[in-house]
Structure formats: C-alpha cells, structure tokens
Amino acid sequence: MLLLLQLLGLVPERAAESPWGLPLVADGPASLAKVVMAELANLKLGNKPWPGGTHSLHYHYLAVSEPGPGLPQFLAVGYVDDQPFIHYDSCVDRAKPQAPWMATVDAQYWETETQKQRTWAKVQQVETWTVMGYHNRSSGMHSTQRMFGCEIREDGRTSSFWQFGFDGQDHVSLDLETLSWVSAKPAAVRTKRWWETERCYAEYDKAYLEGLCLISLHRYLELGGWSLTRKEPPTVQVTRHTAQDGGITLKCWARGFYPRDISLSWWLGEEELVLETEYVETRPSGDGTYQTWAAVRVPARKEDWYTCHVQHSGLNHTLTVAWEAPSRQWKTSAVVVSTIFTITFLLMAGVRIFIKQYSQGGEDPQNSQSPATVEATQLFC
C-alpha cells in the first residue's frame, strides 16, 4: 500500500498521512508503523458516555474503469447507522454533507475529507486496473467496491469489517484477528498476494477500524444528536400465510423502529421456539427506521396457540402479539354493520311515516303518532 501511494506521488519519502489520516512511515520498517498504530488503536473514548443502543459507521467506495455521463469514476458514501452523512464523487470532486446535522461541521473538516477521498480515488483506480489484469480484462466496464466499518453494541462489544469486491462479487477480505487477507475465489489469490507484500497495509486497516473508526463514530453520534440516539418503538403485526403444500406459516412483522437492535421470538405457551423460527436480517426502511420479521410454521387450526414476543429499547415492556383470525374481525365488523343498518332503517321508517302523515293533511304530527312511529320511538329510548 505504501509503495502504491508513493508511485502515485501521493506521499513524500518521509512522514505523511495515509488515506485514513494516519501517519505513514514510508522509509522502511513496518515495525515502527506497528508501534504507532498500536498506540492509536489503544485510544479510548475517555469519560464520554455511550448513547446506548447499537451504532455503526460504514463507508462504501466504488470505482469504475470507464466513467460516463452521470457516472463518476469514483464514488464514496459514509453511513452512520445506515443513514448517509457524507458523499464524494470524482465529478464534483468535493466531499459534501448528506445529513442536516453535518452542516455545522467547519470548513477544515470538508477540506480534509476531500483530500482523503481524492487519495482513495487514485488508489482504487490503480487497484481496479490491476485486478482487471488479474482477470485478463483489458477493456470494458468493470468496477471495484471497498466496504469497511465498525460497530459498537449496547453491551459494549465492538466489531469491524473490511471487504473488497470486483464487479459486484466478493474478492478479498481482511481477517482482523490474524491480520491476513482472505481470497473469496481462485481469481482473487493474486490480489491477496499483492497486498501481503506489505504487512503494514493490514496494520493500518486494523488500527483505523479498531481505533479511529470508533472514535469517529462517537463524534458523529454527538453531532447527530437526537436524530441518531432517538428511540422509536416498533409497530408489530402477525400475518398468516399458506404454502402450496398446505403448510401454514405465521410471520411476526416489526416496522418503523429505531435504533436497530430488536428481539423477535416465537413462543408456544411457555416454550420459546428457537430452532423452529426463521429470522431475516434487520433492514433499513428508507425513512430512517428499520424493519424485520420472524416466521414459524404451525399446525392448522392451532394458530392462536402461538405468540410473538418483541423486545426493543423503545418499549417499556415485552410486547406479546398473537395472530387474529379473520373470522373474529369479520364477526366484530358484522355486528357493527348490523347495528348501524338497523338504526338507519328505523330512522328512515320514522321519517317516512312523519312525511306521509303531514302531506295527507292528517292530524298534527306533534299530537298523533302511528303504532309504527310509537314503536320506533320506543326503540330509540
């Protein structure tokens, strides 16, 4: 990585900064870089309180071999909790805010981010051409994707990832425990060996992901304030689905919740159905909230034996939801409709008799009532 940066003319012979904003040691021993990175990785968040919940900071980079109208050669987007907060592309050539709470950041921050993304654009451009050569591709539209980030959970556990893709498929990833590159397929072995030639490349990545990334995440959460630390409870619904083979599945849907952490579980009486339950990954809804579901297969006519239990920081208790059979809903609706119809019929009958008596010049309606009118009046009392 250092050699690549030097060849691009992006760093001088001595000290400089990597695209992470970390100090580079370009004159030789990776051991010195390792010491610097170890110190950086040991930085703590100080006495600042963690806002609670699970939060993440991710970056997605895309480079293409042949840019075109409306398609930049390099694109970078940063996400906090799946919400975009920073954007850069080689057409505009400036880092720009994507979230309202980033508008308060000073100009120096944006200048620094712009310089970093320009560096990454050149690095990934060279990587794209190199990997194309490894795949015997000398022309045509091809792309590389770099995705990396960190996450901290409510219980304090942290995790990080670093992935590199080619043409939308997994190519190489970094094992942060062993500091080794893992090729996803045979064609990626040459890329793996290329990056293994400079051990400090992996060390820089690890230092950033387990150090600066978490510190930056905390900073962005402070900037985002309520929009990133709010708690919105889920809307929960249970639906019933019949498969072609006649099997019945109950799905417990949770929508519109924030933050991302949520627990859905299916229960049969007092027994939790862990192995029998199918789960899906929690996904963004597109409006700043999340959605997910959990499903379980059940015997016919025993759907009401099963309950879905939902736990979320936006709820002050465990929410228990069961499937409501349509017959119950129809029965309730039928009673309501029948009652309304009866009242309407009696009202219309009374009005018709009143009009008939009055139009025929009979006795004053105020002093004379037919049996039907009397009956209707009694029913209304």
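Positions of Cβ are set from backbone N, Cα and C atoms, glycine also.
Annotated signal peptide per TrEMBL: 1-16, in sequence order. Annotation comment: TrEMBL describes 234-322 as domain 'Ig-like'. Residues annotated as transmembrane segment in TrEMBL: 334-355.
Averaged across the domain 'Ig-like' (234-322), pLDDT in this predicted model comes to 95. Counting residue by residue with DSSP, the domain 'Ig-like' (234-322) contains 3 helix, 51 strand, 35 coil.
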